[in-house]
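*Asks:* Feature list, courtesy of Swiss-Prot:
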- His25: site 'Important for catalytic activity' (SITE)
- His25, His260, Arg357, Ser384, His461, Asp469, Arg520: substrate binding site (BINDING)
- His65, Gly113, Pro114, Leu115, Gly155, Asn184, His260, Phe437: thiamine diphosphate binding site (BINDING)
- Asp154, Asn184, Ile186: Mg(2+) binding site (BINDING)
- His260: site 'Important for catalytic activity' (SITE)
- Glu411: active site, proton donor (ACT_SITE)
Amino acid sequence: MNRKQLANAIRALSMDGVQKANSGHPGAPMGMADIAEVLWRSHLNHNPQNPNWADRDRFVLSNGHGSMLIYSLLHLSGYELSIDDLKNFRQLHSKTPGHPEYGYAPGIETTTGPLGQGITNAVGMAIAEKALAAQFNKPGHDIVDHFTYVFMGDGCLMEGISHEACSLAGTLGLGKLIAFWDDNGISIDGHVEGWFSDDTPKRFEAYGWHVIPAVDGHDADAINAAIEAAKAETSRPTLICTKTIIGFGSPNKAGSHDCHGAPLGNDEIKAAREFLGWEYAPFEIPTDIYAAWDAKQAGASKEAAWDEKFAAYAKAYPAEAAEYKRRVAGELPANWEAATSEIIANLQANPANIASRKASQNALEAFGKLLPEFMGGSADLAPSNLTMWSGSKSLTAEDASGNYIHYGVREFGMTAIINGIALHGGFVPYGATFLMFMEYARNAMRMAALMKVQNIQVYTHDSIGLGEDGPTHQPVEQIASLRMTPNMSTWRPCDQVESAVAWKLAIERKDAPSALIFSRQNLAQQPRSAEQVANIAKGGYILKDCAGQPELILIATGSEVELAVAAYEQLSAEGKAVRVVSMPSTDAFDKQDAAYREAVLPAAVTKRIAIEAGIADFWYKYVGFGGRIIGMTSFGESAPAGELFKLFGFTTENVVKQAKELLA
């Protein structure tokens, strides 16, 4: 079978899919078809009949706009992606959305489209592979042994996140990571030399990568030799620089930006079919080409061989094998619920007035002993975020058995790498930075929410309570923006008990990211009944109450809860009927049934004050237009925290004053 014709099947399906949708990007799939054919048919270990086989190679299309490439590959290889699915490219509720989306079609390892994040996810997958191998492989038993392959274009390399990720990949010596640069010299605006003239091979050599330059991306033998050389280099990641022609096969549009992001048109597709010698109708693939592409039997054989290896491992190391299966399945330890409930009860029984960032570290200490799957990290702020605990061990190029990654000052890279670790499986990953600097990482957290993957972020120094560092470091609008992100769970605890509950729920939440927001300054622990402790998980609960119906409700989060309690005590002493609601997680509260929400915030009680050292406007949903909000309406200032809280109205006196005005 002629390899060019096998690659032309990808080109034809890509042209046809984009044309039928009247939307899409045919250029990259047509340009990378030869590379994809060699990789997928001669090297990629995968099983179309079990896309979740734990030791499969991972393939990431970082230049996700070229999605017809991966859809064509999955269809031709025998995954459950039909020709009708390809005909439904970019249509509502299809398995083939405009950019590849995790969870839609089997075999899609990650959602890509925002350029640079796919290569970064791939770095995370390669870290996970290296760490799992170091933790579980034994002499003569390599049960974790797979490659991560990634296709990326000029756009990925222009994005700053590619520097963050590829720099760290070199430092960590990710020898099982192999990236293909689609060096076609074209972007949306035209020829890239006017805005992208880097010496990319030297750039990657400087990162510590193994670089294979100047590979003809349309020569199957050259591509194959490059992949063999890349696989043989086990101590460094490899960049294969493939020179390609965008839109290869299109006689009048190849090599130009005209074929990047628009259908070729019926006349040009007809001309391309003639140029390529492709004599078949749109979406028609002859049986001999299907047969040559079909990977089902080979994939099943590869997985069966691995099953035999794993059976031998399980016989020699039964405890490790059981633990590996538990972790890859994403199951928590059997004693999890009992142990964590006891930890939380003990915290309530032994009050401590500590910063919630310290409470977070204590939770890591307690829960970490139960979770060998923890994979922590921080963007060069471990002593401030307090993300290391006594069991933390640094993961390095020389020893990947560690459970803590020093990400350096790479917030965006860290967050997207964690997405890759989560997608790979076998770990409960978390990262950390100051809340203000989640701004650098926002799109990766959005991607975690979109993909519904577990990415736990610890965001400390959560308000003007940061003090002297000033408004560049003081978050204002960040908490609200996290809360408004669909499928994100955001927690701002008020003491060590709420902090531990937030951590417990984040660890249990496998289908979404969590943002855990902690203070720099010490916070008073609140007394609670067992019922109140249980209600923390509901996101909002009655912390202090009056006899009968309240005339005023104070709603507060985090460091402002003790302020609400102090105001409650003063107002109660003056005979006012006041309730305090602690609301560490608005999204968790919003998910409760109507009866519970009414019990906490009765509709009849319209006099409400929300108190939070974050943007004020967020709270109208809970206080109504008749309520009041003590919050931020501007950026902060540089001064000691106590002075700032006073300046911006976060004092008992101001809360009491506002309450009395509302009750008057």
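Yeah, the Cβs are placed from backbone N, Cα and C, and that goes for glycine too.
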*Asks:* Could you tell me the C-alpha distance between Asp469 (substrate binding site) and Gly155 (thiamine diphosphate binding site) in angstrom, no decimals?
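*Replies:* One finds 35 Å between the Cα atoms of these residues.
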*Asks:* Using DSSP, would you call Ser384 (substrate binding site) helix, strand or coil?
*Replies:* helix
*Asks:* Spatially, which candidate from the binding-site residues Gly113, Pro114, Asp154, Gly155 is nearest to Ser384 (substrate binding site), comparing Cα atoms?
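*Replies:* The answer is Pro114.
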*Asks:* Quick one: give me the count of other CB atoms within 10 A of the CB of His25 (site 'Important for catalytic activity').
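*Replies:* His25 (site 'Important for catalytic activity') is surrounded by 26 other Cβ atoms within 10 Å.
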*Asks:* Taking 10 A as the limit, how many CB atoms besides its own sit near the CB of Asp154 (Mg(2+) binding site)?
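*Replies:* A 10 Å sphere around the Cβ of Asp154 (Mg(2+) binding site) contains 21 other Cβ atoms.
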*Asks:* Check each residue in the chain of Ile186 (Mg(2+) binding site) that is at least six apart in sequence and keep those whose C-beta is under 8 Å from its C-beta; list them in sequence order.
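*Replies:* Result: Gly27, Asp154, Val192, Ile246, Gly255, Ser256, His257, His260.
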*Asks:* Out of His25, Glu411, His461, Arg520, which of these recorded positions is nearest Leu115 (thiamine diphosphate binding site) by C-alpha distance?
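*Replies:* Nearest candidate: His25.
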*Asks:* Could you tell me the C-alpha distance between Gly113 (thiamine diphosphate binding site) and Arg520 (substrate binding site) in angstrom, no decimals?
*Replies:* 36
*Asks:* Determine the minimum-neighbour residue: among Glu411, Asp469, listed as recorded positions, which Cβ has the fewest other Cβ atoms within 10 angstroms?
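*Replies:* Sparsest of the recorded positions Glu411, Asp469 by Cβ contacts within 10 Å: Asp469.
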